[in-house]
Amino acid sequence: MGKIPPSFRSAIGNPNIRNPSSLFRPQPPSPPSKPLPSTKKKSPKPIPQPNPIFKSPNLEDAKKIFNSIANSSKDPRFPNSLLHSYAKVATSTSDSVKFLHHITKTLPSFSPDRSTFHILLSHSLPNPNSNPNSDSDSALSAIHQTLNAMHAAGVTPDVATADVAVRALCSAGHLDHAVHLIKEFASKHCLPDTYTFNFVVKHLCKARALSTVYAFIDEMREKFGVKPDLVTYTILIDNVCNGKNLREAMRLVSVLHEEGFKPDCFVYNTIMKGYCVLSRGSEAIEVYNKMKEEGVEPDLVTYNTLIFGLSKSGRVVEAKKLLRVMTEKGYLPDEVTYTTLMNGMCRKGEALAALALLGEMKGKGCSPTECTYNTLLHGLCKARLLEKATEFYGVIKEGGLKLDNASYGTFVRALCRDGRVAEAYEVFDYAVESKSLTDVAAYSTLESTLKWLKKAKEQGLAV
């Protein structure tokens, strides 16, 4: 029923139908006779970037350039800056390390520190998109080469070193090596901090089975004493909710309590979102009630998520009640809120009431979006209110708004069913001219509708 907004930030409204047709025309700040202003922000003018000092990965050329400018700055950060510039274009970690040796030999006053080697670590691996055939084993070897150079210089790795190295491996697509390295650091150098640990957990959740993630967490806890924190459990809960495993999500909440953590609003919102996506509004309300029992105060996302779920489940009356609670708490509905409720009302066949809600929405200073208009057009067509749908389409066209696939297809079929084929062709023209749909997609919908209509008439079926 129109596009369901991907965001769960908002909620609803309440309809009292007086004169629905008076609600069609968009209100200020955009005059109805002019296209609605674009909400897209103008992109700022790009800041011109200075020309890179090193344009070639050739090590000998880089040494010559360095020799020519080595004494041009007294800034102690200058050598690191030059190393960073060369490491970005170098084709191997070996060349970057050799270039560092040349710097220290040429400038005896320069002593590499941790930040020096962090530069090498961050540029030690190629981007997997730029070099998809890069050897996985050589990736870990490049990291170790830098760590060995660090050790030779008498610089001790710390938690920041582990973080830079692990992130470099994950960014280059070498997750297994990142897991190996974090264990190596924990046994030989230092324990990873929670940021690094949770970074690896998050990447494992995206790319590995849940059993692998749990095995990593258990091993880090048992061997090295690294325990999961609230962020860790939040990552896990978000992952299982995305996988529609809500039972496991609730089990993790129980584990949270056993570990001495108190689930926050974000955790409960994540679980509620999972239930709402599955149209399980009752379970979402149970989580909401549990949340309040635990003394966790709902926020704007909580109310918007529940209103989305209730509207999606067809429980519009409850969604409206929740809107009142939301407003009493000081949270104001926005365009996503209203559009979500309109979608639920249209699903229930209450298209006129949804249309009336458009007036309330604008009366409260909330500007409808293209999604709002498409949702209502789709709902009016589904309710077989073709005259009002046609009038509403005129508003969309006058405002220069785009049609989405659902509203376009539904409107074209409704017009053809009513024998108004010429008007359907006009809608097709507008969809193409406004770049709402591609020529092929728009014509394919129109053609299939006309074929269906012809077949129905030949068989004497009601349309």
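Every residue, even glycine, has its Cβ placed from backbone N, Cα and C.
TrEMBL: automatically predicted annotations, no manual curation.
Marked as compositional bias 'Pro residues' by TrEMBL: 26-35.
Among the features that TrEMBL reports, region 'Disordered' is placed at 1-57.
Per TrEMBL, repeat 'PPR' is recorded for 158-192 (among others). Within its own chain, the repeat 'PPR' (158-192) has Cβ neighbours under 8 Å at 114, 117-118, 121-122, 124-128, 134, 136, 139-140, 143, 146-147, 150, 199-200, 203-204, 207-208, 216, 219-220, 223-226, counting only residues six or more beyond its boundaries.
The annotation repeat 'PPR' is assigned in TrEMBL to 229-263 (among others). If you look at the repeat 'PPR' (229-263), the same-chain residues 6 or more away from its ends with a CB under 8 A from one of its CBs are 194, 197-198, 201-202, 205-206, 210, 213, 217, 270-271, 273-275, 277-278, 280, 283, 291, 294, 296.
Annotation source TrEMBL lists repeat 'PPR' at 264-298 (among others). Across the range of the repeat 'PPR' (264-298), the DSSP-based residue counts are 26 helix, 0 strand, 9 coil.
Taken from TrEMBL, the feature repeat 'PPR' applies to 299-333 (among others).
Across the repeat 'PPR' (334-368), the model assigns an average pLDDT of 89. Look at TrEMBL and you will find 334-368 (among others) tagged as repeat 'PPR'.
Among the features that TrEMBL reports, repeat 'PPR' is placed at 369-403 (among others).
If you look up TrEMBL, you'll see 404-438 (among others) marked as repeat 'PPR'. Under 8 Å from some Cβ of the repeat 'PPR' (404-438) lie the Cβ atoms of residues 1-3, 370-371, 374-375, 377-378, 381-382, 384, 386, 389-390, 393, 397, 445-446, 449-450, 452-453, 463, all in the same chain and six or more residues away from its ends.
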- prompt: Hey, which bits of the same chain come close to the repeat 'PPR' (264-298), Cβ under 8 Å, at least six residues off its ends?
  reply: 8, 230, 233-234, 237-238, 241-242, 244, 246, 249-250, 253, 256, 305-306, 308-310, 312-313, 315, 318, 329
Helix, strand and coil totals (DSSP H, G, I; E, B; other) for the repeat 'PPR' (299-333): 26 helix, 0 strand, 9 coil
- line: For the repeat 'PPR' (158-192), the DSSP residue counts stand at 27 helix, 0 strand, 8 coil
